[in-house]
2 protein chains.
Amino acid sequence: MYRSHSCGALNATHINTEVTLAGWVQKSRDKGFMIWVDLRDRYGITQLIFDEQRTDKAVFEKAKSLGREFVIQVKGTVIERESKNPNMATGDIEILVSELTVLNEAMLPPFTIEDETDGGEDIRMKYRYLDIRRNPVKNALLFRHKVAMEVRNYLSELDFCEIETPYLIKSTPEGARDFVVPSRMNQGQFYALPQSPQTFKQLLMVGGMDKYFQIVKCFRDEDLRADRQPEFTQIDCEMAFVEQEDILNVFEGLTRHLLKALKGIEVDQFPRMTYDYAMKTYGNDKPDIRFDMKFGELNAVAQHKDFAVFNSAELVVGIAAPGCASYTRKEIDALIDWVKRPQIGASGMVYVKCEADGTFKSSVDKFYDQDDLKKWADATNAKAGDLILILSGNANKTRAQLSALRMEVATRLGLRKPDEFAPLWVVDFPLLEWDEESGRYHAMHHPFTSPKPEDMKLIETDPGKVRANAYDMVLNGNEIGGGSIRIHDKELQSRMFSLLGFTPEQAEAQFGFLMNAFQFGAPPHGGLAFGLDRLVAILGGQETIRDFIAFPKNNSGRDVMIDAPSAIDEAQLAELHIQLNIAK
Amino acid sequence: MYRSHSCGALNATHINTEVTLAGWVQKSRDKGFMIWVDLRDRYGITQLIFDEQRTDKAVFEKAKSLGREFVIQVKGTVIERESKNPNMATGDIEILVSELTVLNEAMLPPFTIEDETDGGEDIRMKYRYLDIRRNPVKNALLFRHKVAMEVRNYLSELDFCEIETPYLIKSTPEGARDFVVPSRMNQGQFYALPQSPQTFKQLLMVGGMDKYFQIVKCFRDEDLRADRQPEFTQIDCEMAFVEQEDILNVFEGLTRHLLKALKGIEVDQFPRMTYDYAMKTYGNDKPDIRFDMKFGELNAVAQHKDFAVFNSAELVVGIAAPGCASYTRKEIDALIDWVKRPQIGASGMVYVKCEADGTFKSSVDKFYDQDDLKKWADATNAKAGDLILILSGNANKTRAQLSALRMEVATRLGLRKPDEFAPLWVVDFPLLEWDEESGRYHAMHHPFTSPKPEDMKLIETDPGKVRANAYDMVLNGNEIGGGSIRIHDKELQSRMFSLLGFTPEQAEAQFGFLMNAFQFGAPPHGGLAFGLDRLVAILGGQETIRDFIAFPKNNSGRDVMIDAPSAIDEAQLAELHIQLNIAK
């Protein structure tokens, strides 16, 4: 062992102990007659002292040559510091060094190894192994491990069994694009990497393993939006002989446990709202309920005057930004510019200031009187001092725009507090959604999701109205998990595939194994999956997942550190029975 | 919830309780006026009783229609059994059923769902979800989960951090064949699936995460020998600031913990032997030391007479099969036939019976006298009553043959007891091995393994003699883990690549990122990896891994259940910038 203690372990109780430490030179200060070196490892920083008086001359000289990030081993004595640092675990002591070994030299790193680094995203990714030395990244990875351990131990205690499902499976074009793997031994054939272990976990239920989970990598070959990764990690779960209520209870329990164990936060029973309610009240299916600003629909109280913009709109809807009546014209214009950005796409915004004296001042005063505006305030639950922000137009689009505005206002007002956690369930998702492009229904969750029995009567006449036994867990405006009760009956599953535009032959070729399995005694079952990357990031108080992944890929799906993907040689291609087909 | 209790939970303390159970019909016995049904779930079997007298007529009639593997839900009362079954956890009670719901019917399964099934390997794999209902497979999967949890908790307690490394990495033709994944977004380029996270765990050490582990899938596109899988799971570990001794101690501790926690077995410090000793004494580098039969080299005591076979041999070597002097001519001939099989390839076998009276009877009595044979007995440590088996020829081949014979004899004698565990370390592996085919050295472990400093002087003059800081953990004749101290210096790593026949350009293209990283302060480090599939199988007392994998592939790399790999469509190929290149 190169060390007797870590660089975070020593304190006043160790004074006069002989110790051996090893680590990286964080920095050194050379005062001529005295050299201080901050020695860093994963566990902390310990101050080393080399002293012209007390240190062997050769050692002292060698200490002068130490550069940043050199890897060294020192032996020495723990002594009391003259000027203590109460902010450091090791701040009471320092090591008077008697022996110094340079284990490895280091070139100057391309960015500073500090909590606040001078390195940009690109250079940090290229030298990710240096980035990991920084506390924010290191701590994110340690935190991720802790979350995963808590999840495993919690579920294991409840008799869940972690079962590894295969990575080399079959391509099923439904859903996102698969990554595929040419087979050398099966000429002209390909494996696919799993987008999720969905069918396997269902087969495990058929196999009687009634409580399954797995923390597992999944793969989607999609054009990467910001903060998406081609490979990502799920906490994948499934249970048999359960109803939706049972699943919500188990995984609400898990999430409550994580909040308590990792953040020390006790959360009551999670609120539940239907998909319809969420869409109407927050404009999206993953509302951030750490703050209010619920949507107030204003059609009834805004379409009776001569304001053509509102009169011609399918929906007029507003929110009350708390305490923002004092916004200046400039601040309001900034918000108007913000909603008019192409990413949001609103054509304008109406506002109403709710003054402290109970009067209203709006941008549409020439169309609406105080009584009208009072009704708007009531509908949006605006108090004196609030600023009502109103958008109008096509219902779906306007809701999406107002939802984005709501989040933006909350951010500006500091209402999205990273140390506050507001989980909820959104339930009763639609089974299907209409896809304009392909002119057919798509499964909103996936093709294995069970319709609500009471809505089955609509399935041929009005499929878009059928609700599913599907649910999402939402945390702070992010969907962190989602799932459903599955179909466990061959007939219903076939009918679903046909609704989704599969021919019987296609359904059989792709999912015949699952429908066959359903004929051999499939129990009722359901489950859900959490996105671990995002769950960890949110619990860690961050919005982006990248620092919670050790070696992430960039937006082109490249690992810039190892320079992958890369060309492979002709012999390898030939063995795999493929050749390149490059567009000129 | 479809049940109040599992099918393994009820006993005499529950008598008169109203319960709801759900599960599969294991079997039913219809006596006309009385029907018994064994209801099975993951947790056990509970006997249901339907009684013409006491059961509602409609329920009774429905019970008559139940077939094997139907999924049912019943409500009823726990009553005392008339004839108790002390071999069953629930053997004191049965359920007098009042309500019966068929949750799903089942076709007759293609093999019996019993511990000893009538289903062959192929059909069991095709219907793996039914196979998993059988206790041996179900228990193997539950056991695997338990092993993985013990590993995680043990290492986690020691401050190891589980870190997920990427699955989409870069192809490095050194080593086994890679599975590759064409990139859609990077035309003409490919990811590779990792054969191990080797370089990433080393980069984590450079990044300061000084205790890493990961239970992780790895991939090798090799022609599958029996009991190999294209995807397999490793317990992958790495530590920084350690020497070989530290790594052996940590992972010996882990293994000792597993044996205690899972098997209730206390093991003392593991024996260690050098690779050279293992090869000379057991003929291979993963000796089964649950039994003795050490090799005795006989050149000195067998090459002084006129027996040309021995005189012309590079090596004459024997083992003493305990208590086998009483073997009949027929039994001995069977062993001779066994070593002559093409898989073993010996040209013959000499034997010596060590009689109870201290005399010897051999198949070469016309060349050797009793004094000679006494010396052979001494060299092979044979006692009265033992049978000495002797092979001769080329040293390496003969050792391999005798090693195989040693295992075969042990199997025949019942010395390979599945409930006995004899772990050991084999250390001081050669750094390189000569490959006749390519006419160059290959890395025996991998190219990142550090030579022993004291052998460095041989590296240019006699590279084959250089020993590595490499070690294997062996359990009951299986290598269950192996690792090494790594190179952490760019110069030495370059030299190693050059020894292995890489041009500087090839080394840079494939591993430049690692050598670069070594220049930024790489600490001394090393690690190892356990093969989880095999570890679990051996701990579970089995020699084959297949039942410890939920969804294994067959010897052609196919998943016969889902029928993968399979063809993909032209559009998918085109998007990936590849086309098929099928040999006519």
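The first residue you see is number 1, and the count goes up from there.
Positions of Cβ are set from backbone N, Cα and C atoms, glycine also.
What TrEMBL lists as domain 'Aminoacyl-transfer RNA synthetases class-II family profile' is A:144-552.
Around A:ARG220 (L-aspartate binding site), the same-chain residues at least 6 positions away in sequence with a Cβ under 8 Å from its Cβ are A:ALA176, A:ARG177, A:PHE179, A:GLN195, A:PRO230, A:PHE232. For A:GLU174, A:ARG220, A:HIS445, A:ARG486, the entry in TrEMBL reads L-aspartate binding site.
Summed and averaged per residue, pLDDT over the region 'Aspartate' (A:198-201) gives 96. Here TrEMBL flags A:198-201 as region 'Aspartate'.
In the three-state DSSP scheme, A:ARG534 (ATP binding site) is classed as helix. Per TrEMBL, ATP binding site is recorded for A:ARG220, A:ASP221, A:GLU222, A:GLN229, A:GLU479, A:GLY531, A:LEU532, A:ASP533, A:ARG534.
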Tertiary neighbours of A:ARG534 (ATP binding site) (same chain, Cβ under 8 Å, six or more apart): A:ASN478, A:ILE480, A:ILE545
Span of the ATP site, taken as the largest CA to CA distance across A:ARG220, A:ASP221, A:GLU222, A:GLN229, A:GLU479, A:GLY531, A:LEU532, A:ASP533, A:ARG534 (Å, rounded to a whole number): 20
Secondary structure content of the region 'Aspartate' (A:198-201), with strand meaning DSSP E or B: 4 helix, 0 strand, 0 coil
Same-chain residues at least 6 apart in sequence whose Cβ lies under 8 Å from A:ARG486 (L-aspartate binding site): A:GLN202, A:MET205, A:PHE448, A:THR449, A:SER450, A:HIS525, A:GLY526, A:GLY527
C-beta crowding around A:GLU222 (ATP binding site), within 10 angstroms: 15
Secondary-structure category, per DSSP, in which A:GLU222 (ATP binding site) falls: coil
Largest tally of Cβ atoms lying within 10 Å of a Cβ, found at which of the binding-site residues A:HIS445, A:GLU479, A:LEU532: A:LEU532
Rounded Cα separation (Å) that holds between A:GLU479 (ATP binding site) and A:HIS445 (L-aspartate binding site): 13
Distance from A:GLU222 (ATP binding site) back to A:HIS445 (L-aspartate binding site), taken between C-alpha atoms, in Å: 17
